[in-house]
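Participant: Pasting in a structure now, in structure tokens, and then I'll have a few things to ask.
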Amino acid sequence: MIDKDMNSACMRGGSVRTLNNYQQVMEPRSPHTAWQFGVSQIVKREPMDEDKNDSGVTSGSDFHSSSPSSDTSQDLQHSYQSPQTQPARFYSTPIVPHFAYNHNPLTPPNSEPLVSPKSEKEEKDMETTLTPCASPNRKPDDNQDHLRRLEMSLEKSGLFSSKTSEHSVDELSGKSDNDAEEYDEQSLRVPKVNSHGKIKTFKCKQCDFVAITKLEQWNHSKVHIREDKRLTCPKCPFITEYKHHLEYHLRNHAGSKPFQCNKCDYTCVNKSMLNSHMKSHSNVYRYSCRDCSYATKYCHSLKIHLRRYGHTPNVVLDEEGNPCPDIIIDVHGTRRGPKIKTQPKAEEAKPETLPFLNLQQQLPFPGYPFFGGFPNAQLLQQLIRERQLAVGGSQEESRVLDLSKPGCSYTGEQKSRRKGPAFKVDPTQVESEEEDEETSTTVFSNVEVVQEEAKKEESDSNNNNNKEEGNSCQYCNIAFGDAVLYTIHMGYHGFHNPFTCNMCGVECSDKVSFFLHIARVSHS
């Protein structure tokens, strides 16, 4: 409530002015904008008592009267000037409310008081008078507590060894930030979390040891590396037995990364890392699983998938997406990357082993266009070559001797053959008379015709027997005129189930579906 004495006086800018000479435009004494009334001053902070309300105005029994007449008193003049003569402190003696809040009679009593911004000098004075309990810097303690909680959680889960826990967090946090070597050592002692939110582990390639920090991994490596072959880093506890590994590690310390990607800003220390990075710019997934739809760009990821689920790898693709049958995936091997398949020697390859070789290379066959191809072109060509040599030798043995040539002689095998049923040869006539020589030539030509016809009948009968016995598939009831085609066809039949494809593992119900499968599906 405004007192009756306020009829002729009002508060403006902390001083009393009469309303007789009221001006329309009232300029505040403050150098700030027009909406900020009252001189700038430091607002004191006081503890909230039970007898105080939310507005900050206390009862008249505790403090001086809040009437305008009391504002002109000497005590209030002194209390108003006290913030300028004495430094402001926390929990100091209370002041008059309307001086503290720059009370303006033109504003409602219950409204929020407007406080003008503080000048640079006043802010500096306030900073000097603040007690240390205002906002202490607890960042090192927070980091230290965080590391302690991480150690305790790791020790409870059994992932943190006792050797690592001996190096306390106090030891790590007490190191200087200017010392790069100590900072690196601190980062090596603290476990890291991967992108999946799990603690990153380091597995030993020679035993079952698993470490959660680089420092533990390097200390364990001393067990597998002899002392005369150990190569250590002069700046950190890194240890290896390979010179190029130490060279790459020292490049990381020096910040030297000579290999740079031509498509982005990526840089690395060796060519292998750059090749692995370049796969991220490619859309070809070279490695895939045969048993499911899993595909990846990295060979190591496929090996992990195959070991985890027991699946088999599919054909590896090259950088352009074409199949590479010479590249195989060694699932349980320790060597990084795929392996190049070694080709068997020609003399070691046998026709009997052809159906059981699980090879992917194909060779088109012009006689049977419905076949996508036949496995192992090298062995197939070798088999055809050997068969041609065998057929050529038998043709030379069965060739009829030309008796008109004087240098030829009979062999024991040729003497026992038939000479023809109704002809008799007199050698004396051949040597004495020219006419008889022509007659004998005609006679022997007849003998040659008889022998060729007899041999043809024998070969036809033998071929028919082979078709019925040797070159006939008992599962599909198909007779093959060539041993090569028969061998290739039998290679598609499974060992336990004849209607299971030996190349891809597809099970068919009967011989018709099996024949259609091997005829239509390209086994690449």
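Including glycine, each Cβ sits where the backbone N, Cα and C put it.
Checked Swiss-Prot, it gives:
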type	residues	note
COMPBIAS	59-75	compositional bias 'Low complexity'
COMPBIAS	76-86	compositional bias 'Polar residues'
COMPBIAS	118-127	compositional bias 'Basic and acidic residues'
COMPBIAS	138-154	compositional bias 'Basic and acidic residues'
COMPBIAS	164-178	compositional bias 'Basic and acidic residues'
REGION	42-86	region 'Disordered'
REGION	101-187	region 'Disordered'
REGION	402-442	region 'Disordered'
ZN_FING	202-224	zinc finger
ZN_FING	231-253	zinc finger
ZN_FING	259-281	zinc finger
ZN_FING	298-311	zinc finger
ZN_FING	471-493	zinc finger
ZN_FING	499-523	zinc finger
Participant: Across the zinc finger (202-224), what are the DSSP residue counts per state (helix, strand, coil)?
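Facilitator: Residue counts in helix, strand and coil order: 11 helix, 4 strand, 8 coil.
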Participant: Counting each residue once, how many in the zinc finger (259-281) are helix, strand and coil under DSSP?
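Facilitator: With helix first, then strand, then coil, the zinc finger (259-281) has 11 helix, 4 strand, 8 coil.
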Participant: DSSP on the zinc finger (499-523): how many residues come out helix, how many strand, how many coil?
Facilitator: 10 helix, 3 strand, 12 coil
